[in-house]
Amino acid sequence: MAALSCLLDSVRRDIKKVDRELRQLRCIDEISSRCLCDLYMHPYCCCDLHPYPYCLCYSKRSRSCGLCDLYYPCCLCDYKLYCLRPSLRSLERLRRTTNRILASSCCSSNILGSVNVCGFEPDQVKVRVKDGKVCVSAERENRYDCLGSKKYSYMNICKEFSLPPCVDEKDVTYSYGLGSCVKIESPCYPCTSPCNPCNPCSPCSPCGPCGPCGPCGPCGPCGPCDPCNPCYPCGSRFSCRKMIL
């Protein structure tokens with residue numbers, strides 16, 4: 001158990017680090033491939049006009065960045081993005097694996113299910129319980145400027161599963177936990193039949209007092225000895241024989 005706790009702590013720290021890196025990479029991915037330092041404030045820039053963290057124009061420039069040729073000698077608009085895309089995919093795989101480990105190692109017996117909502121904020125997640133089913137949905141709108149025009153992109157997920165027969169819809173609760181997982185819980189562990197309450201134990205009866213010992217009865221008189229057989233006198237070693245003539 002101690003080794004498992006240490007492993008989970010290290011995994012949680014890795015998840016926080018991964019979250020920070022994913023947020024940075026998504027910001028890069030949502031921006032246009034061209035550096036718009038002259039028109040707009042680029043989200044990742046270090047030039048004199050827009051100090052850090054609003055540009056990376058002093059780094060190497062990608063050939064597809066056209067506007068940076070007019071004002072700045074180099075840029076990292078595309079270079080950093082394409083170099084880090086393999087890392088982004090590996091981090092996503094690590095997140096999914098970690099979420100499965102955390103879900104399987106949870107010791108709470110009242111968890112009905114968990115849904116991974118990575119990439120969504122808690123206020124963007126909705127949970128609806130109706131007709132014996134739980135529906136977890138999340139939707140996010142991405143908006144960014146590109147060459148004077150605004151572009152929009154949408155991202156949504158929807159997961160649904162049925163409740164066990166013994167769980168009431170009013171008792172279902174949910175929480176947004178570690179690893180961007182929404183946990184659906186109920187106050188009673190789901191079972192096929194409702195649990196019967198335990199009968200109270202009956203109190204122990206008091207022990208009865210020990211009865212007094214009865215007096216010993218008088219010894220009976222010894223019976224009289226039987227008379228000796230005349231054929232076998234007492235103390236004789238040989239029996240008398242009757243001679244027949």
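Each position is counted from 1, following the chain as shown.
Even glycines carry a Cβ here, placed using N, Cα and C.
Residues Ser10, Ser33, Ser59 are shown; Swiss-Prot lists phosphoserine for one of them, Ser10. Scan Swiss-Prot for phosphoserine across Ser114, Ser153, Ser236 and the hit is Ser153. Looking at Ser105, Ser162, Ser180, Swiss-Prot tags one of them with phosphoserine, and that residue is Ser180. In terms of local Cβ density within 10 Å, Ser180 ranks first among the modified residues Ser5, Ser10, Ser153, Ser180. With respect to their backbone Cα atoms, Ser180 (phosphoserine) and Ser10 (phosphoserine) stand 16 Å from each other. Note on proximity: of the modified residues Ser5, Ser10, Ser153, Ser175, the one nearest Ser137 (phosphoserine) is Ser175, by Cα distance. Around Ser175 (phosphoserine), the C-beta neighbours below 8 angstroms that are at least 6 residues distant in the chain are Val182, Lys183, Glu185. In the predicted model, residues of the region 'C-X-P repeat region' (195-233) average a pLDDT of 66.
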